[in-house]
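Visitor: Quick one: the structure is below, questions incoming.
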Amino acid sequence: MNNTVHTAVEFLKVTKAFGNVKAVRDVSFQIKSGELVTLLGPSGCGKTTTLRLIAGLEMASGGQIMIGGRDVTQLPATDRDVSMVFQSYALFPHMTVLQNVSYGLTMSRLSKNLVEEQALNGLKLVGLTGFEKRLPSELSGGQQQRVAVARALVLEPEVLLFDEPLSNLDAKLRRRVREEIRDLQQQLQLTVVYVTHDQEEALAVSDRIIVMQEAVIAQQGSPRELYESPKTRFVADFIGDANLVNGQLVSSEGEMGKLQLDELTIQLPHLNLPIGEVTVAVRPEAIMLDPRPEATGIPGTVHKAVYLGSHLEYEIKSAVGELFVIDPLGKEFIAEGHPVRLRIRERGVNLVHD
Amino acid sequence: MRIAKRIGALMGAMLIGSVLQAADRLTLYCSPQIEWCELMVNTFEKQTGIRVSMTRKSSGETLAQIKAEKSNPKGDVWWGGTGDPHLQAAEEGLTEVYNSSMNSQLQDWALSPHKATGGRTVGIYMGGLGYGYNTELLASKGLPAPKCWKDLLNPAFKDEVQIANPNTSGTSYTTLATVVQLFGEDGGFDFMKQLHQNVSQYTKSGSAPIRAAAIGETTVGIVFMHDAVTQAVKGMPIQTVAPCEGTGYEIGSMSIIKGARNMDSAKKFYDFALTADIQSMAASVGAYQVPSNKGAKVPKEAPDLDSVKVIDYDHAKYGSKDVRTRLLSKWDNEVSTLPR
Amino acid sequence: MSSTTLSLSRRIQLREATPYLFRKALLLWLSVGWFGALVLPWYQAYDGFWSFIWIEDGWPLDDEYSPGILQIFMQDRLWLLPLMICIGLPIICFGWKRDDPRLANFLMGCGGLGLCWILLQGFVIGLRGWNSEAFLLLLGSPGPSQEGMGYGALLVASCLLFLFTQGWSLRGGVQGDGFVTGAIGLNVLLVLLFIFYPVVKILFSALLNEEGALAPILFFQKLTSERIWQLNCFNTGLSCGVAWNSLYLAILVGITTTLLGLAFALLVTRTSIRGKQAYRAITLLPIITPPFVIGLAIILLFGRSGVVSSFLEWAFGIPPTRWIYGLPGIWFAQTMAFTPIAFLVLVGVVEGVSPSMEEAAQTLRANRWQTFQTVTWPLMRPGLANAFLLGFIESLADFGNPLVLGGNFEVLSTQIFFAIAGAQADQGMAAVLALVLLGFTLTAFWIQRRWLGQRSYVSVTGKGDAGIPVQLPKRVRTGITLVCVPFGFLSLTLYGMILFGGFVETWGYKHNFTFKHYLDAFAVSWSDKFGLMWEGTAWNSFWTTLQISAISAPLTAGLGLLTAWLLVRQRFAGKDVFEFITMLSFAIPGTIIGIGYILAFNVPPIEITGTGIILIVCFLFRNMPTGIRAGVAAMAQLDPSLDEASLTLGAPSSTTLRKILLPLLRPAMLAALVFSFVRAMTAISAVIFLVSADYDMATSYILGRVENGDYGLAIVYSSVLIIVMLIVIGGIQWVVGQRQLGRRGSSPISWSGNG
């Protein structure tokens, strides 16, 4: 359908204050059409407020919000070309499934036939044909969720918003539904903004992730960028697991710098950090353990070892501190108390801002 | 919604009702009992074709209302109720001067408030003050039958007398003023102080004591005699007493409200209310006051004022604000605070 | 799955609709304003709001009936000109785009200035010239004059309000929602005009002496007067000041109503006693009982010649006394009357104590008594405090019972009435007493909010609580049965007396059976000429009462819910102040409101005394707090995402309110409806001063009868009112029962907190 790529949502230095508390501070970003962008962060970071600012359920205290190239900063929710899937689904309990899905269409004053056609289409898209006459209370959690999606979808909004849509589902369903959402988004080329606090969910569904922390954007990028090169300590820790240790940046040349971590020297982007002590984020799976006595690397001892079938997990006491290590190969079980040497793969280590 | 429709229907009904209103109107504030008020309204409407809107409120409430409405009066005539509030209204300039052609037919006492206020109010009936007692209770308690004011001071009557609070009731203020005129100010207050020992309750409403006596809640109730008669006529065991020392009286009055919107209708009603025929009808609704028109029939149940010693009650003096406020605060400070 | 049917072109079509709608709304409201200014009579005709005589009686050229525009040019009322400009100028907006920044400010300016001006000119230029002394001195006497505002002014004011709120929403106020800003604007204006203004007007008169001049010293003397504050009852045989009496009584009543209410609540929810429904019904009766009736029935039972007293004398030779008059009687009557309110509050509280908590306590080896003592009781404590405060406030405001049973025991509410309507006629004193009363009630409210605000809600989760309520320990059960059964019996006896009283010739004396009172009040006859004739003397006020109550109830429920919606779901500056003022009319005794309304609305610009409107308005704003509470409680249970979902689906907030919230709030709405109806039917204190010849109310008629000693008629009328209310409530409940949504846990709305 909509093949020309354009900017669907744009925030320009948007601020939202509740009294003296700023829930969102000077936030700017762009979302392209057909993109699924996740707002990720711990609770209270401002991600939901950001979503509600897009929806028009909150009014910005400062800055400018554009949707589809139009300034909507002062426009109420009703007049914005967005629709939203709520955490609680917010299905109208007194209306049937079909009435729920038709609701938005009716507001647009389409002819009755067209409304019904479009609504049935929406239900078909989410695989709920045949459920039209049911009341929301007669559906399972997953089905309710799909009705909520269908209801938002049929309006073909410029941008579709999801507020933690999976949080009320059990773990198994969650996986399936998030895939369905992703499929639907890909298939219909929808622009989606998705809020979650679950990093795994974010990595799984997103084209791009915006990580928020304390009312500002901590970092944005593709899931891979965020995982592989987190820019801050917070992002490194929040997305995936990371061992945060101290090292010495000894020199820098161009983009790259030389990091001294105990006995190891690693080449990596220096992020314009000053020479001297720096924080280093090391992914657990990037640490390689060598139990051989002749091995080189950072010296340490296995404090705890856990066998998990697909992989092994270790806790190592080392010269740079306590480290959490995942050994996916599980080639050899190292007993607790055994001394080891550690080496680090370059793709799993990053300097981060504090 | 259906509710909305119903409201619509009601409003519609109100609209139609109001469109049909006639042009000639009168708003009457009426203070005696409702049956009498309704009789007056119906008769007046029948005779003149003027549509009357009548509100019945006690004379105190009516005065409060007229005061509140001072800057934009809504009422035309205030008919009935004890004379003092009428005098007060006249004093505050809330009522209008009117010299009715009927004045010549009136008793002298009816014209005395008229003269005192320069024509702002006129008497329509007279009621003598007195008291009534419950004959059954009196007998069962073995109490002597009281005949005079001073009989009520007998300690045997402890907690057997009720009278209204003069602060809230015109009737009771009339009593206070009466004993002051009978026994002098000091003597009068002595009387009230001694009476205080026997009073079980100062009621709010002036006629409440006799109703309490009728149903046996108290033995003696100090009220206007016609109120006691009403109870007796209803068949209650009430004996009406005209005190032997003599007694005061109220002049039920009528005033035209200043700035009345239907002045012509108001004057018509004023004249109408003073005619003999109309005043003669009062007894048919249980109002046994003495009418003010010389030609009107005095109801046979009415206390015969010829045989009652009526004092020369100075309405102008005791109706004036200063005297009234002074006596009331004196009563408040010297009588009501006494222990019992 | 196919996506071909979802096409872009259609979308664009749908989404352009709104700006167009905005323009249409603007045009609509402007035309309303223009219609008001150019066509309808500007001033209120003397014949009343509903009178349409003007159509044939000289309109549009006659001075009295001219529309605003002609008033300016023919009657030289030039001060109306700015208003015309304010509603005329916005026409240039149609050339502007919606997001033009000038638009918002321009509309706000026109609307705001216009509103200020219309109020200013209304208050400054009165019926007889300048209203303010300053103007009189400055500009010479007497100045121009004008009547009260009529249809024309009303429409123009509405139009101006809309312009202002629309501009406000365009500036992004309250989520940029025009409906919400409109609702807030309307609400604030109404609350200021019909609550704040009359209340200030009457309370200000406390500062004036009888000549109307400022007299702060006199005020101070009155405020500290011995009659209010003396403490003689503690050391001498004299009575205490009226303020102490009221306070003392209110505390006693608060305690007894709370304890009795709790006993009933426990009885109904925690025991397996039979006839629970009957107990519920009995406790509800006093709510629908007109004033005076309980007091009268008590006199007839316990008075000196009452049934019980006579029996005691006959059987045991106990001489009858007058103990019932005074504190004991009022206490007794108020306990009978207000226990149901405590019961309704406490039933919710007791039901809200989650059985699983009690079960948890029992698994921790607490026995029944210990469970009750350590878990159930502490959980109920905040609710108990709430019930106590309600009983306290109700007792302070009660007027009917002290009037009938007061004896020599003076309380503030009756003193206020007699200060105004008694022989003293001292309005200033009444205002001073009202201030004292207001001080007590506001303090009680303040304590309630401060101290209990957060704690008084026992959480009821929507999820089914599987536990079974723990049965009460035996001693508690025996205790409450011993209390409740006699109380229930007493209630029934009182109502039996009331019913019986209507059929005897003279209550308390001649007990022969008669229909006389019913015939006097409600006789109907058939004449060939006129058809059905309503001959009884009560019909007039009966129909008026029904009419006024039926009109005011839906308005009250509607405005209450709308306000609740604003308070719960919207954020705007000054919300706390707004909430406080809406609760103000509830805390102020009715007598004061009544006189305040006369003082405020007997003269232009708003002249509505003597009409039905003033009664409707009075009920509307006096009973609104209850509607607000019901709405707030119910709305708190609805997920806010529901409204937000509707908004993001493109429904304007007005539609959201109508299609989503109202259906879900139906039980709350109907509860508010029933309640406002009942309150309007039984209100007395404010009504006394507001009834007029054409609009007499049942309660004022009954008061007249009681004053006159016609207990028979008063009782007949009251029983008829009780039965009518039962029928209405039954009918409404039947309708709710049919339509209630069983799924969403809508707990019964408590009727608590009414004044």
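Heads up, the Cβ atoms here are built off N, Cα and C, so glycines get one too.
Bear in mind that the values here come from a model prediction, so they are computed numbers and not experimental data.
So TrEMBL says this about it:
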TRANSMEM  C:78-96  transmembrane segment
TRANSMEM  C:148-167  transmembrane segment
TRANSMEM  C:179-200  transmembrane segment
DOMAIN    C:243-448  domain 'ABC transmembrane type-1'
TRANSMEM  C:281-303  transmembrane segment
TRANSMEM  C:323-347  transmembrane segment
TRANSMEM  C:429-447  transmembrane segment
TRANSMEM  C:480-504  transmembrane segment
TRANSMEM  C:542-568  transmembrane segment
DOMAIN    C:542-732  domain 'ABC transmembrane type-1'
TRANSMEM  C:580-599  transmembrane segment
TRANSMEM  C:605-621  transmembrane segment
TRANSMEM  C:668-691  transmembrane segment
TRANSMEM  C:711-736  transmembrane segment
Visitor: With contact taken as 3 or more Cβ pairs under 8 angstroms (pairs 6 or more apart in sequence), are the transmembrane segment (C:281-303) and the transmembrane segment (C:668-691) in contact?
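Guide: These two segments touch.
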Visitor: Does the transmembrane segment (C:711-736) reach the transmembrane segment (C:429-447) with at least 3 CB pairs under 8 A, where each pair is 6 or more residues apart?
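Guide: Between the transmembrane segment (C:711-736) and the transmembrane segment (C:429-447), contact is absent.
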Visitor: Considering only the recorded stretches C:323-347, C:605-621, C:668-691, state which has the highest number of Cβ pairs under 8 Å to the transmembrane segment (C:580-599).
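Guide: The stretch with the most contacts is C:668-691.
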Visitor: Does the transmembrane segment (C:542-568) come near the transmembrane segment (C:179-200), with 3+ Cβ pairs under 8 Å (pairs 6 or more apart)?
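Guide: Yes, the transmembrane segment (C:542-568) contacts the transmembrane segment (C:179-200).
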Visitor: Counting only pairs 6 or more apart in sequence, are there at least 3 Cβ pairs under 8 Å between the transmembrane segment (C:605-621) and the transmembrane segment (C:179-200)?
Guide: yes
